[in-house]
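Taken verbatim from Swiss-Prot:
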- 33-53: transmembrane segment (TRANSMEM)
- 77-98: transmembrane segment (TRANSMEM)
- HIS83, HIS182: heme b b562 binding site (BINDING)
- HIS97, HIS196: heme b b566 binding site (BINDING)
- 113-133: transmembrane segment (TRANSMEM)
- 178-198: transmembrane segment (TRANSMEM)
- HIS201: ubiquinone binding site (BINDING)
- 226-246: transmembrane segment (TRANSMEM)
- 288-308: transmembrane segment (TRANSMEM)
- 320-340: transmembrane segment (TRANSMEM)
- 347-367: transmembrane segment (TRANSMEM)
Amino acid sequence: MVNLRKTHPLMKIINHSFIDLPAPSNISAWWNFGSLLGICLIIQILTGLFLAMHYTSDTYTAFSSVAHICRDVNYGWLIRNLHANGASMFFMCLFLHVGRGIYYGSYLYKETWNIGVILLLTVMATAFVGYVLPWGQMSFWGATVITNLLSAIPYIGTTLVEWIWGGFSVDKATLTRFFAFHFILPFIIAALAIVHLIFLHETGSNNPSGINPDADKIPFHPYYTIKDALGLLFLLLLLLSLALFSPDLLGDPDNFSPANPLNTPPHIKPEWYFLFAYAILRSIPNKLGGVLALLASIMILLIIPLLHTSNQRSMTFRPISQILYWILAANLLVLTWIGGQPVEQPFIIIGQLASILYFLLIILLMPLAGLFENYMLEPKW
């Protein structure tokens, strides 16, 4: 009898994607984050679905409905804590996944990389509209401040902001549409993730050495299924530890107060995973300039394949590029810290210097390091 998984129309697709898929024999734990992101998305969709059953997207009852979920719904507190902290896990895996791609030159699979950047932007949009839903102080003022940035667009800005708001301020219409967006976007993300995988399977996975691994491939199952299962175990350990022991560790205390348009919190700041971009936005003392820098901080990922100057794909054997890469990683941590600080000295100047260094490293220093390493390996003297 012919094996069903190799003949059945549906099973055949799953087989080619997750079972008999030829994978490089040397991919490290940095290659675990793709599968972990898939798990994160499933967790978020499931917990989100159960939250949506009890949530009401009305300005008068939204805050109360979230309190009701935590107090009265069976395991509602757990579902909410898993969903809120699941978002943090999602972004942690995302940043590590993108960081892996930059370090090992995975961005040279251009289609896969570009879909990945679109995925990152979509997840960021989903997280932003989701943060507004509990209708606490930081939800309301975060929505007001970030949507207001669009008013910096010349000529159409103000009209655009009022169109997104559905009125002249963030109100019931805004909350309702943000709930609708937050419900539909994860399914769009799931579809994009499938496209991401389709493009990846056109070329096969990259590996730490950066050289063609075709000469030494192993089946995905059981080797990488068991490896992914171990990664999942670590992810769940971290997520459950957060959700059960300190669920509010990464949240903002201001969000325990219901939204009040007449009372502005002293420090308006987004969740931790947006702080690096928020710091770049604030480092430019001009509204339009700040918005453009904010956009550029993410969109710069799209031009990274064009800035690859090295003869080697991966940074594994490129010490100068490695040093610059880890400076970039440290710089992003500094930006994250600055984004959570008030707008006063010395934080302003630190944020401005870190923002300049961020763009300088990606656009100039890392490509130059690649050229220098080429020269050192094949000197012309």
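The backbone N, Cα and C atoms fix where each Cβ goes, glycine too.
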Chain residues in Cβ proximity to the transmembrane segment (288-308) (below 8 Å; excluding those fewer than six residues from its ends, i.e. six or more beyond): 98, 102, 105, 107-108, 110, 113-114, 117, 120-121, 124, 149-150, 152-154, 276-278, 280-282, 355, 358-359, 362-363, 366-367, 370
Using Cα positions only, nearest of the binding-site residues to HIS201 (ubiquinone binding site) (HIS83, HIS97, HIS182): HIS97
The transmembrane segment (178-198) in contact with the transmembrane segment (320-340), cutoff 8 A, at least 3 CB pairs, sep 6+: no
Top partner of the transmembrane segment (226-246) among 33-53, 77-98, 320-340 - counted as Cβ pairs under 8 Å: 77-98
HIS201 (ubiquinone binding site): tally of other CB atoms within 10 A of its CB: 13
C-beta crowding around HIS196 (heme b b566 binding site), within 10 angstroms: 21
Rounded to the nearest Å - Cα separation of HIS97 (heme b b566 binding site) and HIS182 (heme b b562 binding site): 23
Distant-in-sequence Cβ neighbours of HIS83 (heme b b562 binding site), under 8 Å, six or more positions away: GLN44, THR47, GLY48, LEU51
Pairwise Cα distance for HIS182 (heme b b562 binding site)/HIS196 (heme b b566 binding site) [Å, integer]: 21
Protein Cβ atoms within 10 Å of HIS182 (heme b b562 binding site), excluding its own: 22
CB contacts for HIS97 (heme b b566 binding site) [other CB atoms within 10 A, all chains]: 20
